[in-house]
Every structure is written in structure tokens, then in C-alpha cells.
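Okay, structure first, notes after.
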Amino acid sequence: MSESQSELDKYGTNLTKTAATNKLDPVIGRDAEIRRVCQILSRRTKNNPVLIGSAGVGKTAIVEGLAQRIVAGDVPESLRNKEIVSLDLSALLAGASYRGEFEKRVKNLLEEIQKSKVIIFIDEVHTLMSAGAAEGAIAAGNMLKPLLARGELRLIGATTLDEYREHLEKDPALERRFQQVFVGEPNLEDCIAIMRGLKERYEAHHKVSISDTALVTAVELSSRYITGRQLPDKAIDLLDEAASSLRMEIDSSPVELDQLRREVDRLRLEELALKSENDPTSEQRLRSITNQLSGKQEMLNTLQASWNSERARLNQIGALKEQIDIAKQSADIAQREGRLEDASRLLYATIPQLQKNLAEKLEEQDSAPLVSDQVMPEDIASVVEGWTGIPVKKLMQKDAKQLLHLEEDLSKSVIAQKVAIGVIADAVRRSRAGLSDPNRPSGTFLFLGPTGVGKTQLVKALASLLYDGEIVRIDMSEYSEKFSISRLIGAPPGYIGHESAGQLTESVRRRPYSVVLFDEAEKAHPEVFDILLQVLDEGRLTDSHGRTVDFRNTIIVLTSNIGSRYLSDISLEATTAHEYVNDEVRRTFRPEFLNRLDEIVIFEPLSQSDICQIVDLNIESLNKRIKDRRIVVTVSEDLRRWLSKSGYDVIYGARPLRRLIQREIEDRLAKLIIEGLIHDGQTASFDLSGGAVNAQVCS
């Protein structure tokens, strides 16, 4: 018996013993699932529940909750004094190198389980199907079937929906011996209750306090922004990482102290260097440095003393919280074991005294502490931003100011398209203020207009300003064939390339906060737009692997040249031209597609005065490219007017101007640099003389 018991201890973990020492996290809710598991375990035959649900919904927690109820005696009579042992199949397999050794281990283990009447829990129960099944050996699942059928072995399994379908359903003989218990994702209210139940454990572990608003924020933000994972797992992860980050900040130096220490070190180095100099300027500088160093050192000493005192107080608070948590666990164990005297001493003497000491320490807090010891919603938002790249933190003053002046900033890069700029800016402000529909993309637009008027440039400018340059560009001319749709979402199963991800879905899955640009939309096959209907309406798209990709934090822009000939026709009035363009759009795209767009924006052709401003933009862009060489390019007013006149074309927009500047200015500048006629720090001045462009180098 002792030898067999050692086998059970070797390959399993006793969850009831762990629960008896209060080492398991409290399980909040899930009463219906735990009751259903108890009902199945109380059956005469086929008393083997299998918990089925997505990863992270709390299947293992239900078994831990059952173990806690067994310890507390809150179970039916048939389950009282039972033990739940979590079996580790990998430990059972490890080292079984000889044929028959694995089967012998399983047989000995099963005999011991039958004698001791423990309940076995196997996480990832689908691994039973393949465990040990090599070179003609019998799989563990086949060895368990007779015992499971007779009810001589009580087994709780846990697996995901996909693994259950893929492994257990393929073996009907094994599947019928299990009773399914579906575990769904908890709703937001239940998840918040779960988080509140776990709050004290995480406070004691990280030695910080967690505000209730942070718990609610963790649930709400994880539900909205973190896709592909389930509650409550993702919300708990958010809270854990935010608390860990705060603890690390407390254990290290505050930013103010660190900056001041670096400043003092820099001044000391400069002081040492100046002591070896004898000239009057150096001596004067040395006196100034010495005075600065004296003042900074005094500030550093004061701040360091304040921080040492504050850190000691925070550590004492953390230690008191940990002691309270341990005392509460000890009181629970004492009550359960009938040691009422010990329990009353802990509950009515030790714990109240510790709580009183904690309250006194909390009152000692400074009005302006160097670092906070409380996890706030902003800390949760910072973690979400780190995971997803989505700026979900509350709008700072700098961000708000930038959003209010977004039109001005965009107008610096895109000339003369005020309507389009206004529409885009309004969509961004709605999204950042939290007013846009949470189940749709931040904005969906169709940009129409002649070539070279700034359709793509506006998208690039927006991405540069607000999205850190994150732009997913899909060139629709590459999707002119019907079968090319598979490149967007991935090839279907059985086709070459199924393992490769879709060009669109994978880009957005990796960067959910970005601008998605479908360039030259009219060149794509009409059926390509069918897959965009779900994106435009619901903000989601399922790829070829069945993964749902979230588009709710993207701005989607389609550009097209449809009807541009009407806009370039100077004989037509603007309203008439717009009507012709809209008619052609309706003929090209299906009504259900157009009806899902937020706005159809028509870009106007550029005028002569607009081209003059674009000349300045191009010269400014050139100066940025050669900034490292410290060379500056200037253009005379005559040359500026000549460039705008010669580079103006109502049909081709601003692109001919770019080619003209490249030919007349950039090519000449390149020759000057290569010939060594212009050096770093000099200015290249371009002007017009006798109808030809001349370059002059100035110091």
C-alpha cells in the first residue's frame, strides 16, 4: 500500500491537501458547473465528467473549487472525505524506456486508485488517446475504458472544444464513458466578481493595493481590445502584469531620483575634467559647476532620504498585508480542524491588531508621494497599450491638443483637400472620445478623385501623425483575379499555402491599431469586396484558420480613380461632375458595399496656386533628406513660379511636379555633391536665369 501510495504521490498532485492549506485561489461563481460535476460523480456508472470549454475560461478552477468544497464539507455524502488527485501524464511517461514499463506503471496506479477511492483529475484529457501508444503498445485511454465503464474509476477530464472533437469524438467507445460539462466564458458582471475574489491574493503577492476601478477596467478593456483569448484569464493576466509593473517601480528608484542622480554624476565628471585646466574660462566654469553640484547634491540627499523613508513604509505595508493574508488562512484551517481556541485568537486578537497597524501605516502616507502603491485604471491601460499598441489611456492634454488641431497638421502634408481632411479628423476624434460604434471600424471611407491629388498622401499623413506610421497597404491591382481573394484571408484547407497567413488578416491581427489602405480599388475583382462587407459592418473577419481578426480599431480607406475624367473636365460645373462620379460609383460597386461606408469623399483637382504650395512641400522634404549632411537647398521666387507652372497638369495632379523637381534640382544637387563642389554646412541656392535652372553654392 505504501509503495503504491508513493506511486500516486510521484505521478500526481493532491488538490484537496493543497486546498486544505489554503494554497488554491478562491473560486467565485461557477456554482452550476460544480453542482453538475458533483451530480455526475455521484452516479453509479459512467461517473466521469469532462469539462469542455475554450482555453482560459476556468475549467481547472472548477476542479479546484470542488476540492475546496470537499475540504469545507459542502458536497453530497457520496463525495465526503474524497481526495482529488491531479495526474501528470508526462511524469507517468518519462523514463518508461522499456516495452511494457509504461503499462506496468499505469496498472499499478489504477490498482492504487481503486483501493484508495480517490478522484483522478487529468488536465488536457485528450492526451490519454496517444499516451504510451508507440510501437504496438497499448494507449492509456484503452487501459482506462473498462474501469470507466464499470464506474470503478472516477475521472474528471478537462479539454478544449477543438481537442475534444479532434481526439475524443474519434473514439466513441471512450467518449460515451464521459459526461460532458460545457464551461462557457463568464459575462462581464461575473468576471468582475471573480476578480474581486482574487484581489486580496494578488495584493498580498505583489504587496500593493488594487483599486476596485482597476478591476473593472481590467475586465472592460480586456473584453474590448484583447481578442483571441477568453475571460477571466485575460483580465487576470492584465491585473497581474499591472501589479507586477508597479511593484518593480517601487523596488527601483523613482524617475525624479534617477534623473537627479545622473545629473550629479555628469556634473562630477565635468568638475574633474575642468580641475586640470588653468585658463580663466575653465576656472569660471569650474566655480559655476561647483555651485551647481553643491545644490544638486543637497537636493539628491533630501530626495534619497525621503524615498528611503517612503520605501520602508511601503515595504511595511506590504509585509502587514501578507501577514493578514496568512493569518486569515491559518484561521480557516484552525476552524476546519476544530482548533477553536487557535481560531478565536487569530480572528479576534491577531488579525484585528494587524489591521490596526496597517491602518496606521496607511495614514502616514505623504500628500505627494514619489511613487504610488495602488494599481489604478491608468496602469491597466498602459499594459493593454503595451500588448496591443492601441492607445487606450485617457486622453492626455498633449493628445487632446493634437486631436483638436488635426486638420491643421494634416493640411501641412496634403494641400487643398479640406473636405476630405475634415471627414477623417472627425472620425478620429469620435473614436478617441469613445463615441464611435464599438462594433465597427473607427471609420470607413471611399476616396475618389484624379491621380496625384493626395488621396494616398492623406492616409500616409494620418498614419504618421496618430498611428506611429502603422499602415497596412493592400494594392488592389494585385487582386484582379477571382482566386486572388485567398491571398487576403489565406488559402482554404487542402490548398497550397494554407499554412501561410492572409496578407490582410495577419497584418491587422499583428497591428490592430492601424490604417488599412486599399489602393486603386476599382482594379480589383468585384467579388473581392464581398469579404469586406463583414469588416465594414461588424469590424471583424475570419481567416482561413478560423481565427477572428478584430478591425474595430482600424480606419479603413479605399482609393479609386472612378469618374476622374469628369472631375478633370473644366467645362463641367463641380456639382454636375460630382453627380456623374457618384453615378459611375453606383454602377461599379454593389449597393450593399456602398451602404456600409461611412463617407464617400471626392477630391478636387489641384489648381495652379495649390501646386505652388506643393513646390514648397517638396523642397522641405528634400531638405529633410539631406539634413544629415547639413546642406540646405533654397529656391528663388522666380524658380518657384516656373516650377509650379511647368509642373502643373490638371489630369496628372502633383506627380509631374515631383518628376520636374527631381530632374531640375535633385539631379543637379547630386552632381554637386559627387563632384565635391558642395560641402557639409553649405547652402545650394537654385534660381532661374534665361529660362534655365542654375545652382550656386554659398557658405
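We number each residue from 1, going along the chain as drawn.
Every residue, even glycine, has its Cβ placed from backbone N, Cα and C.
Database features (Swiss-Prot):
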- G53, S54, A55, G56, V57, G58, K59, T60: ATP 1 binding site (BINDING)
- G449, P450, T451, G452, V453, G454, K455, T456: ATP 2 binding site (BINDING)
- 236-367: coiled coil (COILED)
- 8-185: region 'NBD1' (REGION)
- 186-389: region 'Linker' (REGION)
- 399-605: region 'NBD2' (REGION)
- 606-699: region 'C-terminal' (REGION)
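Here the features listed in Swiss-Prot are placed on the structure.
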residue : record             : contacts (Cβ under 8 Å, 6+ apart)
G53     : ATP 1 binding site : K59, T160, L161, F182, V183, G184, E185
A55     : ATP 1 binding site : T160, R229, Q230, D233
V57     : ATP 1 binding site : V183, G184, E185, P186, Q230, L231, P232, D233
T60     : ATP 1 binding site : D123, A158
G449    : ATP 2 binding site : K455, N561, S564, L567, I602, F603, E604, P605
P450    : ATP 2 binding site : N561, S564, L567, S568, F603, P605, V650, I651, Y652, G653
G452    : ATP 2 binding site : L606, Y652, G653, A654, R655, P656
V453    : ATP 2 binding site : A416, Q417, F603, E604, P605, L606, G653, A654
T456    : ATP 2 binding site : L517, D519, T559
For S54 (ATP 1 binding site), nearby residues of its own chain (Cβ under 8 Å, 6 or more apart in sequence): T160, L161, E185, Q230
Same chain, 6+ residues apart, C-beta under 8 Å of the C-beta of G56 (ATP 1 binding site), given in sequence order: R229, Q230, L231, P232, D233, K234
Cβ neighbours of K455 (ATP 2 binding site) where a neighbour is any other Cβ within 10 Å: 27
Per-state residue totals over the region 'C-terminal' (606-699) - DSSP helix, strand, coil: 52 helix, 20 strand, 22 coil
Surrounding CB atoms that lie within 10 Å of the CB of T451 (ATP 2 binding site), all protein chains: 16
Other CB atoms within 10 A, centred on G454 (ATP 2 binding site): 26
Shell of the ATP 2 site beyond G449, P450, T451, G452, V453, G454, K455, T456, same chain only (C-beta within 8 angstroms of their C-beta centre): Q457, T559, N561, F603, G653, A654
Average model confidence [pLDDT] within the region 'C-terminal' (606-699): 83
Neighbourhood of G58 (ATP 1 binding site) by C-beta distance under 8 A, where only residues 6 or more apart in the same chain count: V27, R30, V183, P186, I194, P232, D233
Neighbour count (Cβ, 10 Å) for K59 (ATP 1 binding site): 23
Remaining residues near the recorded ATP 1 site, that is with C-beta within 8 Å of the centroid of the site residues G53, S54, A55, G56, V57, G58, K59, T60: A158, T160, V183, Q230, D233
